[in-house]
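Now, the feature entries from TrEMBL:
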DOMAIN    B:5-183  domain '3-hydroxyacyl-CoA dehydrogenase NAD binding'
SITE      B:H141  site 'Important for catalytic activity'
DOMAIN    B:188-281  domain '3-hydroxyacyl-CoA dehydrogenase C-terminal'
There are 2 protein chains.
Amino acid sequence: MTYQKIVVAGGGTLGSQIAYMSAYSGKDVTIWGRSAGSLDRAKARVARWEVEVQNYFKSSDELKNDTQKNLHYTTDLESALKDADLVIEVLPESVPTKEAFYEEFAKIADQKTIIVTNSSTLLPSVLADFTGRPEKFLGYHFANSIWRGNTAEIMPGKKTDPSLPATFVDFSREIKMVPIMVKKEQPGYILNSMLVPFLNSGSYLWVNEIAEPHDIDKTWMIATGSPMGPFAIMDLVGMNTVYEINHANPSETSQKVAEKIKAMIDAGKIGVESGEGFYNYPNPAYQANDFLKE
Amino acid sequence: MTYQKIVVAGGGTLGSQIAYMSAYSGKDVTIWGRSAGSLDRAKARVARWEVEVQNYFKSSDELKNDTQKNLHYTTDLESALKDADLVIEVLPESVPTKEAFYEEFAKIADQKTIIVTNSSTLLPSVLADFTGRPEKFLGYHFANSIWRGNTAEIMPGKKTDPSLPATFVDFSREIKMVPIMVKKEQPGYILNSMLVPFLNSGSYLWVNEIAEPHDIDKTWMIATGSPMGPFAIMDLVGMNTVYEINHANPSETSQKVAEKIKAMIDAGKIGVESGEGFYNYPNPAYQANDFLKE
């Protein structure tokens, strides 16, 4: 066993999923939130993951009840941190927000307590010194719907103790994640370092009117055997995120993509979530039997 | 019915596959080769596709025999072109080679005869004028193992008659291909416009020592549900092609990739074909049951 007493700082979508899966795997987990309101929202999310996880693993009611017992909520950081082995920070992607939290943590936490960030956009080295213990800090990145997209990318910063990443290989397995070792700092970790250029290459063909989204997806699906092409993935990710990624990229193509995605958002086509994006849901064309045959 | 009497110029891997699938689909097909030796090699390839196609479609011996009857071989271009509806040029990727063939074709062929190129690296506009009938010419690009990777990308050049591409939508279906319309010229068509950046993004993580190939593949497979990640695909494509693509790209990363791939080739690790590449074959680790679980 590696870390047993876990604090998850932040009960948003991923924070609540990480907390739930850790509690489900027998860890003693406390979700810390800034306010009673944020904890209420975290509880509502946990109730959703409870259903999804039970369906996914076909797990027993007993395990569901045990998980509930393992899961605690508090706005009191001092009591949350008492005797904590590990803090997983899943706060909004803002340096000042994380800095404020880490500085509070640094004052209170026991010297043994390890702290990691789930940030997907900020490298560990940007944040490490705020924690007061940069050698006990690294990046630890989850995909969405973590029971299914169960990779946990482990990324040391420049000051991380070289023996620390290996403990997260074990911890990841304990909470049913597949550990993926990122050997040094890389913006976007592994997944986004590949996914973003992939979505860009599909988008290029679309906005430059070389081919239609459905044909682009079909070509990729037939050639690689993948269940989705770039446009189906964009529908899943959601147009707001696709817009942000492109808007932040100064290339001419990305700016054109941002403009076209903005028009889709304005028309209410934000992807799976709104029932329409590049496909119509719940039965998108790319999942039809004949999509790959005609 | 669109085109019935077909000439396939060049009996290499793809030429012989295109010829076989066309004959299999009831077309009257002649493989034209420059020499008796090249036709002998084409016949040997056809014998392999015959087995593969029959296994793939579970087709009858009768159909196999009919296909044989539909398939002819000649070194005599004049007799091959007599009354031909369509010529599919699948010669080596060299402008002078194709130019010489097209000029011979232009002198002999009936005015009705349409001609297309399977070139994956030369745009139709580079070649069109050599044919003497640029309005009756377009790019028509197949994937490998065309009975399985059955896309046929249709790409008009600047002078292509606007009504011509649609006839290839029908023709593609007649020979059991899925037509993919590329609306204007694009180097790499659709598939390679996506596949090359995808393989590059994985290679970047590898040669810059950010992550190991198996971890990179695993991350992609879990996140997207794909049956292969970039390194499994490179093994399938073969290191010689991977080397060529990277060697031709002046970026620092591609040059590093080319160097590492060269070392693999020198060590006999050229991918699936040699039994070893990034994985060992015939039972590569990425196909093992627990690969995505640990």
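First residue shown is number 1, and so on along the chain.
Just so you know, glycine gets a Cβ as well, placed from its N, Cα and C.
A quick note: this is a predicted structure, and the numbers were derived from the prediction, not measured.
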For the domain '3-hydroxyacyl-CoA dehydrogenase C-terminal' (B:188-281), what does DSSP give as the number of helix, strand and coil residues?
64 helix, 3 strand, 27 coil
Restricting attention to the domain '3-hydroxyacyl-CoA dehydrogenase C-terminal' (B:188-281), give the mean pLDDT.
95
According to DSSP, B:H141 (site 'Important for catalytic activity') sits in strand
